[in-house]
Amino acid sequence: MTALLEVENLRVSYGKIEAVKGISFTVNQGEVTTLIGTNGAGKTTTLRTLSGLLRPTAGKISFDGQPLNTVPAHKIVSLGLAHSPEGRHIFPRMTIEENLLLGAFLRKDQAGITADVERAYGLFPILGERRKQAAGTLSGGEQQMLAMGRALMSQPKLLMLDEPSMGLSPLMMQKIMATIVELKASGTTILLVEQNAQAALSLSDQGYVMQTGQIVLTGTGADLLNDESVRKSYLGED
Amino acid sequence: MHDLPQQLANGLILGALYGLVAIGYTMVYGIVQLINFAHGEIFMVGGFGALTAYLALPGGTTLWLAVPLMLIAGILVSTLVAVGAERFAYRPLRSAPRLAPLITAIGLSIVLQQLVFSFYPDAKKARVFPKIPGDPFELASVTIQRSDIFLIIAAPICMLILGWFVARTRSGRAMQATSQDPDTAKLMGIDTDRVIVMAFAIGAAFAAVAAVAYGLRTGQVDFRMGFILGLKAFTAAVLGGIGNIYGAMLGGLALGLAEGLATAYIQHIPGMHLFGGGAWKDVWAFVLLIVVLLVRPQGLLGERVADRA
Ligand SMILES: Nc1ncnc2c1ncn2[C@@H]1O[C@H](COP(=O)(O)OP(=O)(O)OP(=O)(O)O)[C@@H](O)[C@H]1O
Ligand SMILES: [Mg+2]
């Protein structure tokens, strides 16, 4: 098992407030790694720092053997790191197809891009049926599919998904989770942030529990699912 | 009302001038939500750039050769000043509170005026700009000055090129993405700093085209020429829906028409004879703005703010 992403003692602040307080974790090649944690734990902050939208105050990020700390955000995607942000952030006044094509903004292989657009439609048929529709008019679940499809368009080595099931119906959520399993099977490495701990951990190889900016627990997905404190705090059992 | 066609033509020509300058406000606002109050002065320095090129040419150079060279010089000067302003004045303030870049813009506008006033030879009063000589064109009952032909040709060409650029090119798509969601645009691999520079540069180039048109039309350039015109163009951009390039041109045309028609006809409305004529034209421009904003706060072609979230 080789590590694709290694984070060491990462610290991130918003002004005087430190949101991530020295966390370390690893994402292995070909695995699904999940970050769970309560609201405000610092999960989104961590992902935004990995993709260069925020700068760490301390620590090391090494992706595919390369340090990321000072690489500007717009260059990180070309290294193979794609980010589907919390809240989807699709481009509302562009069509589905234009959104997908923006995901391939840095690619030059026209034939490959066309094939990948079709692959996204294969993964999410509803997107294919609506390809000329303005993305802002899609339902929340459809927008989530689009955000995920768009992130895949860069052919990433690592796909980061921030709460892909947020606000979705149980059926839609199952669909997203099934897609994650499918992506993993096809060799994509995934870093997943989820509120829905049960669903996320059951398909994860590795999991980390974050609390107020720190990682408080680590284990395989199955370990964490069986952990008493996790069951209490995140699976609503007592 | 027998001169209505003439008034319409005058209004549209003036409006096209507003529209070209309005593009600069709208592009920059669309990308960085900054009202670049120095844009009127970007327009003004373009006029002086063009004048400098004209003065450098040997006497007797045909305008067929002079105007394109003046245009290039004007575009060069405006673009350099705008890109410099972005790089050294606005970029360092990008994460500062909104008010800081706004005040900087106002300061920059004063600095540019004073620089031209103090250092451009004889710029303390208006300087003579060449006009296109010859009799005006007569089309049915409409008279069009030769100098305005430049604007009538240049404005639609500029709009067509811009429309094509934004909709069809890679850089244009990067621009749209950045205006809709800058952080996510970065996640797509778009260098948003470059996009911002591009927005300033395009706006400046359009302003320089407008400045040449203005010079040809009025026969002069003046260090204060950007003030009222900038204000009008900003009004046009808001009227059309700030952030929307077609809105800027439409707002410009609407404003030009309103001004032209109000100036010509308001005094004939019973009881309104005091409010006609050139002295009131700026007032009518702003009345139009207020009325449109009351009915459509987002402007003629603007998206509702909710769509932008
Ligand atoms: N732009 C910001 N400015 C200031 N503080 C912020 C900002 N964004 C997040 N924070 C703070 O940083 C902390 C971590 O926030 P973050 O969004 O990373 O949490 P999260 O784990 O993703 O939470 P959630 O599960 O609710 O999405 C919170 O206390 C939050 O209030
Ligand atoms: Mg979050």
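Yeah, the Cβs are placed from backbone N, Cα and C, and that goes for glycine too.
On a predicted model such as this, the values are computed, not experimentally measured, just so you know.
Among the features that TrEMBL reports, transmembrane segment is placed at B:12-32, B:39-57, B:63-85, B:97-120, B:149-167, B:195-216, B:236-262, B:274-295.
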In contact by Cβ distance (the transmembrane segment (B:195-216), the transmembrane segment (B:236-262); 3 or more pairs under 8 Å): no
Contacting positions for the transmembrane segment (B:97-120) when only residues 6+ beyond its ends and CB under 8 Å are counted: 33-38, 40-42, 44-45, 48, 81, 85, 89-90, 127, 223-224, 226-227, 230
For the transmembrane segment (B:39-57): best-contacting stretch of B:12-32, B:63-85, B:149-167, by Cβ pairs under 8 Å: B:63-85
Cβ-Cβ under 8 Å with the transmembrane segment (B:149-167): same-chain residues at least 6 beyond its ends: 13, 16-17, 19-20, 23, 67, 132, 137, 175-176, 202, 206, 209, 212-213, 216-217, 245-246, 249
